[in-house]
């Protein structure tokens, strides 16, 4: 079902077409997609390692910069198009309609029952840990480069923040839905808390 946010032209939809829906499997702790899990971490961790060791590995700033940007670009593509879909059943993308208007679409695979899960808990932990931790490190690198006046590295670090931050934002939107859904979730939560508190007060009195 499509839910369109009129404020920012985004859509929250069920994940993929019918032909991409695989048979539901029990949620297990084991890693079901080892290759995807490896490359989910490989490019982003490699970019961080090269950034930290670049002055020791090479005296050429251009070589280090190009290597880091290539790793960040490969990571952005792999996480956006492959690992999110396989590891956690999420995907985000953009499409332009017939009127030339751009729409952002955030997809999530809906599981039919609590017993039949398609997402491995181990893969989910790997996915979200890598997705959150690496952008945080790039933000730290950005402040470090700024305060140490390493201006030439600032552009590279900002590239890391932007590319990995974009994937983080996109997958958070896939996970929790649009701002409208967030508002309704918050309203529902506080409403339940208020009702529970009033019910408890009535029982004690």
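Just so you know, glycine gets a Cβ as well, placed from its N, Cα and C.
The following features are taken from Swiss-Prot:
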REGION    1-21  region 'Disordered'
MOD_RES   1  N-acetylmethionine
TRANSMEM  34-53  transmembrane segment
TRANSMEM  54-72  transmembrane segment
TRANSMEM  126-146  transmembrane segment
TRANSMEM  152-172  transmembrane segment
**Prompt:** Any chance the transmembrane segment (126-146) and the transmembrane segment (54-72) are in contact, meaning at least three CB pairs closer than 8 A with a sequence separation of 6+?
**Reply:** no
**Message:** Six or more residues beyond either end and a Cβ under 8 Å away: which residues meet both conditions relative to the transmembrane segment (152-172)?
**Reply:** 44, 47, 51, 61, 65, 68-69, 72-73, 75-76, 79-80, 84, 88, 90, 92, 106, 131-132, 134-135, 138-139, 141-142, 145-146
